[in-house]
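Shown next, in structure tokens, is the structure this report addresses.
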Amino acid sequence: MKKHASSRSKSATVYTFRIESFSHEGRGIAHFGEFAEHPQTKHGKKVFVRYALPGEVVRAKITHETKRFEEGELIEILDQPSIDRIVPVCPHFGVCGGCSMQHITPNQQIQIKQHVLASHLQHFAGLTVNEWLTPVRSLRADYRRRARVGVRYIPAKQKLIMGFREHGSNRLTPIQSCAVLDQRLSQALPELYDVLNRLVAKAEIGHIELAMGDDEVSLLVRHLNTLPDSDITQLCDYAQHKNWQLYLQAKGSDSLKRVDRSGAEMRLHYAVPAFNLNFAFSPLDFTQVNATVNQQMLKLACDLLKLQKGEHVLDLFCGLGNFSLPLARCVGDTGRVVGVEGSEEMVQRAFENAAQNALHNVEFYSQDLTKDFSHHSWANQGFDALLIDPPRSGAFEIMHYIANFEAKRIVYVSCNPATLARDAGVLAQHGYQLKKVGVMDMFTHTEHVESIALFEKIQEIND
């Protein structure tokens, strides 16, 4: 793997360490004091070593120091490598900041994420995991369906750089391929670089965004100042050659403009065959980056809720209806699903998706979900089950309102174990029991943990 010294390095000192365990980010943890070369003043001090695995004895270069701990990067393994070590699949691993765990076996990656989730639940909520769900695994190595690729022109070198940020830096590392990006996108990166490099106003390009549906691809070019017509023509020629949708964006989302010549609908699409559903979305809409995990996640959420025909379900932070529509299929025509989302544009997209799928038992509302919503009519319909899929910040501000619904079952989908654990503590205080929890490998080879948890209301027993 490629490695370079951190720009924050205060020392080039190299030490020997025996790696004891993993950190939450997948780094190896060691302590000063075992080897004679360790300064006595550092004995007992914790060290985090990137790319080192438990059980390995390594040489590591210290790259960052604080009073409580130090950070280092692996230089060499002195004895047998860990059985959990594998060869990274990407030549850019170790420099590119996108992946952090390609050197770890998939099974060990899952175990690390389970440990992170369990320790957060115990630390923040005092909850113990009694039943683990079978991990939801990605079915493709090239799982990512969208990517933001940085573009920077260096006038002094007359050189264009296109790639991803380096680890711990704002610098871009040039990328010719990406092992975790859908190969239909990854294989296009070299020719896309050539197209951008030919532009007259290439210095005006800030970054590009690639997004995919099941069949369609969109290219969004973010630029600082107006591009000349000749550049737009070149971009349109390329989009036509690839049969891609092409968008330009100068400022905010309201400046998004489609400029390709296809005249096709301004949407991408993905299907969920298990529920006979099709979804439409725009390049700026939030969608899950891993299509195969999303498919499994939707089925798992519905299975955990054990929905019956005629039940009423509330879906908070519903987005474009990714969960709402499968839930509506489960409860049937006699049931009801209410989806609530902060973005009016996403609510409109959810309505469109429901109509496209001929679902009439679902309704959507736009509501700031960081504030009290208990006085709204939609919040007083009574719900048998609840699904919540908040952003990384979680839903702490409204957890006691959620608990007051007294739904029999709550499924909480999270991309942040810390906020899930914090919010789970509130549910526990309101009489909900954590029944099952699991990790979903939405972001393979990274430290990011996607999880799903089932809570059930405990029947109160009168003395």
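Note that Cβ sites are derived from N, Cα and C of the backbone, with glycine treated the same way.
Annotation source Swiss-Prot lists active site, nucleophile at C415. Reduced to three states, the DSSP call for C415 (active site, nucleophile) is coil. Cβ neighbours of C415 (active site, nucleophile) (same chain, under 8 Å, six or more residues apart in sequence): P391, R392, M442, H448, V449, E450, S451.
Per Swiss-Prot, the feature [4Fe-4S] cluster binding site maps to C90, C96, C99, C178. Listed in sequence order, the residues of the same chain lying 6 or more apart from C178 ([4Fe-4S] cluster binding site) and placing their CB within less than 8 Å of its CB are C90, H92, G98, R144, A147, F164, L185, S186, L189.
Mapped onto three states, the DSSP output places Q288 (S-adenosyl-L-methionine binding site) in coil. When Cβ atoms from all protein chains are considered, those within 10 Å of Q288 (S-adenosyl-L-methionine binding site) total 21, not counting its own. The S-adenosyl-L-methionine binding site feature in Swiss-Prot is assigned to Q288, F317, N322, E341, D368, D389; the stated evidence is sequence analysis.
Residue counts for the domain 'TRAM' (8-76) under DSSP, helix first, then strand, then coil, are 3 helix, 33 strand, 33 coil. Annotated domain 'TRAM' per Swiss-Prot: 8-76, in sequence order, evidence recorded as sequence analysis.
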Worksheet item: Near E341 (S-adenosyl-L-methionine binding site), which residues of its own chain have a C-beta under 8 A away, given they sit six or more steps off in sequence?
Response: F317, C318, G319, V347, A350, F364, Y365, S366, Q367, L369
Worksheet item: Could you give the mean pLDDT over the domain 'TRAM' (8-76), rounded to a whole number?
Response: 93
Item to complete: Translate the DSSP assignment of D389 (S-adenosyl-L-methionine binding site) into the three-state scheme.
Response: coil
Worksheet item: From the Cα of C99 ([4Fe-4S] cluster binding site) across to the Cα of Q288 (S-adenosyl-L-methionine binding site), what is the distance in angstrom?
Response: 17
Worksheet item: Out of D368, D389, which has the highest number of nearby Cβ atoms, where nearby means within 10 Å of its Cβ, if these are the binding-site residues?
Response: D389
